[in-house]
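So the structure is just underneath, and the comments pick up after that.
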Ligand code: ATP
Ligand code: MG
């Protein structure tokens, strides 16, 4: 390994092997580089790749790390590393050792949508959400509370002691146990279980713990500032007697407090591990000076932080441009035009351009404008590919073909596209299945024997049963991909998507997602047959469950659209940040009980988010905002973000303001005036004597 690619502090971190190590440093200072080089160094010293666990925050970041390592240590060894997220590590451990972790052999991982579905039905069962009650609840608020409690290892009894009297707290506490029971009866785990369950079982079962500690000898964690209590606990339990733990992070980039991350994990690391080695990296290798100056000026306004400053290694650089447009559409158009110019003028390839924003709904206008220019892009965060409704519908049908025992998939397929099968009918099917010790899908196939289902629903169920049986036979005879395609046609999923309201382009795009899925199913299948094995569908679907968190298109030259949250750890030559406005950045939480809470909720976390956004840029940065926006049909005046005032002013020479509010007028009314003035001037020149 080439140690000269590292500065002395980085080198020290790479070479320090025994005992806990913390690298605490600002954005772009080469923390992730320390992780990859440290892994390469361990491999060079003869450590087996299977013994090294490196955890990153997203699957995408982990994939990037693996790619970099493949170049350094070869593909084979890079593939053998245990490299992923806390969740993917947990899922892997559970699959390998279901007994040890107390889960059924063929457990399924629920995604967010499934969790919402379960909570929705529990609310109804507990009399909260149905026609019996007129009150409506924010499902997300309940789901989030349960998740936070799980991650803090709180039991129902403990929760009841700490909650304030708030509707959502009370309801979530009431449903907490029922929710856990439901997961068990469905043979499912949720995302949180992938970490909490691992941590608690390791703690309870010394022999299981010993096994895993012997298996994983070196632990490395990137983005450590955003670990939560359960993840910290999981690390502690995995940490063997050699205590080889290396964590890297930046307290200024802690942006998941709202989801239970504890910045105390990084700030208190050397208190918890008394003998920890702490290394700070001072230089910023990523960004040009105008960008680091802005980032520094912003982040000093936070009070609870380690004092540190980004000192740029690079020099020069164009000013950061702050652009104000008249309204939202003009902002989107300006950004898309600028991107088009950059690409057309060969000043930047698409993959070196990113548009970042606070919440995913801000992406839509940009998407449309880029589409019109024919500029290809990918969207990170927000609604990932596998979370799209139509894709999830198609996956439910895939599951009917390959694991028909999946209850959730059967329920989803019964419901979409709508077949005229109502809740009462499903209840009858459930009752029959329970009475006969069978599964829901069996009930569907036995509808003829079930009393109380007649007319249209019965007809629909018979048809559905037949379609499934045919498709299963098809899958046997030809391929699952072909059978699935036919089945989706037969149940009219394609029709239901294409006839949906909205512009043709959008619905076609939605169907393209299904085509993408079909292609991926086909590829997976043929790869298995090529290797002369049967396709392991459980694995394929398990991967989907994890990937959908941060799916990105694989084609290389794409412009990236991303939330700040999903952009963490990544970098681009050119970055646009949209909506630098009060209410957007800092974000106004719409579910906050009072308006004052809505913004001041956690202003420091909002500032850190903006800081993460700014520090993604290597060469050029644009900050845009609109002066007005339309909200529910009303045009509102929008204030600039308070964070803009915290940046250096124009005299500093690192920022340039650009006001486009009057631009459109220039092309209409003012054009005539300007033309007149020009002609007058011309006349003046001509009339000048001499
Ligand atoms: P973040 O906090 O955003 O995750 P980071 O601290 O992990 O940033 P890296 O992504 O590792 O930083 O590095 C930032 C950039 O600086 C990368 O392009 C990397 O290749 C480069 N870099 C890091 N260290 C060095 C070095 N010693 N010499 C030259 N370039 C470096
Ligand atoms: Mg990093």
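Here the Cβ of each residue, glycine as well, is placed from N, Cα and C on the backbone.
Note: TrEMBL annotation is automatic and uncurated.
According to TrEMBL, the feature ATP binding site maps to 25, 26, 27, 28, 29, 30, 31, 32. Note: residue 29 (ATP binding site) has non-local neighbours 281, 282, 283, 284, 285, 310, i.e. same-chain residues 6+ apart with C-beta under 8 A of its own C-beta. Under DSSP, residue 29 (ATP binding site) is assigned to coil, being neither helix nor strand in the three-state scheme.
The domain 'UvrD-like helicase ATP-binding' annotation in TrEMBL covers 4-288.
Taken from TrEMBL, the feature domain 'UvrD-like helicase C-terminal' applies to 289-569.
Taken in sequence order, the binding-site residues 25, 27, 28, 30, 31 that lie near ligand 2, meaning a CB under 6 Å from one of its atoms, are 31. Residues within less than 8 Å, Cβ to Cβ, of residue 30 (ATP binding site) and separated from it by at least 6 positions along the same chain comprise 6, 7, 10, 281, 283, 285. Of all Cβ atoms in the shown protein chains, 24 besides its own fall within 10 Å of the Cβ of residue 27 (ATP binding site). Of all the binding-site residues listed here (25, 26, 28, 31, 32), it is 32 whose C-beta has the fewest other C-beta atoms within 10 angstroms. Each residue in 250, 281, 284, 285, 286 lies on the same chain as 25, 26, 27, 28, 29, 30, 31, 32 and has a C-beta within 8 Å of the C-beta centroid of that ATP site, without being one of the site residues.
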